[in-house]
Amino acid sequence: MLNEVTISRAIITRYMDKLSAALDLDVAIVGGGPSGLVAGYYLAKAGKKVALFDRKLSIGGGIWGGGMMFNEIVVQEAGNGILQELDLQGTRYEPGYYTLDSVLVTATLICKAMRAGLQIFNLIGVDDVVIKDNRVSGLVINWGAVSTLGWHIDPLTLFSRYVLDATGHDAEITTILVRKMGVNLNTETGAIVGEKSMDAETGEEDTVKNTGEVYPGLLVSGMAANAVCGGYRMGPVFGGMLLSGKRAAELMLHGLDHAR
Ligand code: 48H
Ligand code: FE2
């Protein structure tokens with residue numbers, strides 16, 4: 001016979017186990033779009049303790065909607081290479097252009113990343129970072145709905161050796177850091193340069209080039225990398241996002257494995 005309170009206790013206990021285990025991480029990823037999910041996949045696959053936080057109910061960021069709500073995305077040759085590592089395969093449209101169903105891509109990225117060991121927390125937003133010795137050293141978290149409602153409820157905190165800002169166009173984490181701490185970033189101007197208009201070819205190259213550590217302990221990937229470092233946008237072509245996530249993971253793996 002099913003006991004309603006046992007069901008409740010099972011959920012509360014299991015959730016608290018997951019959340020407690022995520023309070024001290026190798027990498028905390030903010031944003032569950034393509035770049036954050038791919039970064040999480042490669043970090044988890046390498047055995048790192050990594051969790052991803054997204055304030056929304058559904059993980060996947062901008063992939064779900066394809067282009068203008070047509071639920072297909074395009075990737076190029078290099079992006080298709082990464083997708084193959086994730087057991088996905090684009091359908092060739094013209095030489096150098098592959099298409100995929102955006103729902104299948106999102107669902108598969110989430111599934112592969114979690115099966116590799118990525119812990120995903122949906123419904124949790126990131127409002128601030130922890131600073132220790134001039135280094136980003138963790139996240140300040142709260143329920144996504146709390147910030148949407150504009151309530152003042154104090155947050156909780158977790159530590160991590162790296163934070164990845166994968167929050168998309170708004171580069172929210174880097175923006176908060178600069179606004180609150182007035183720090184200089186590792187960008188051309190030392191400030192947040194801002195995203196540029198549409199140029200798919202340049203934008204795709206920019207996304208990978210701009211992926212990196214912009215402040216000690218804080219990396220940017222995906223559209224956040226272009227927003228922070230001044231890259232072009234590219235529309236619904238997603239190869240650069242996937243490659244950026246992989247690049248961010250490689251940089252952090254190098255940092256984690258070469259730290260004292
Ligand atoms: C918790 C947060 C917070 C926060 C945001 O936008 P995304 O899909 O991110 P990317 O960079 O991996 O992918 C970008 C791509 O989707 C895109 O927009 C492209 C290719 N655009 C080209 C163009 O021309 O427009 O996902 C970011 C995620 C979202 O799910 C947000 O909910 C989440 O981050 N998020 N989560 N705390 N403070 N800020
Ligand atoms: Fe976008």
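Heads up, the Cβ atoms here are built off N, Cα and C, so glycines get one too.
What TrEMBL records for S35, G62, V126, H152, I153, D154, M223 is NAD(+) binding site. The local packing around I153 (NAD(+) binding site), expressed as other Cβ atoms within 10 Å of its Cβ over all shown chains, amounts to 9. Secondary structure at I153 (NAD(+) binding site), taken from DSSP and collapsed to helix, strand or coil, is coil.
The Cβ of D154 (NAD(+) binding site) lies under 8 Å from the Cβ of no residue that sits 6+ residues away along the same chain. The Fe cation binding site annotation in TrEMBL covers D154, H169.
If you look up TrEMBL, you'll see R233 marked as glycine binding site. Under DSSP, R233 (glycine binding site) is assigned to a strand (E or B) in the three-state scheme. Sequence-distant contacts of R233 (glycine binding site), defined as residues of its own chain at least six apart whose C-beta falls under 8 angstroms from its C-beta, comprise E195, K196, S197, M198, D199, G203, M223, N226.
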Any idea of the Cα spread of the NAD(+) site, S35, G62, V126, H152, I153, D154, M223, as a max distance in Å?
31
List nothing but the one residue from V126, M223 whose Cβ has the fewest other Cβ atoms within 10 Å; the candidates are the binding-site residues.
V126
For G62 (NAD(+) binding site), what residues in its own chain, 6 or more apart in sequence, show a Cβ-Cβ distance under 8 Å?
G33, P34, G168, M223
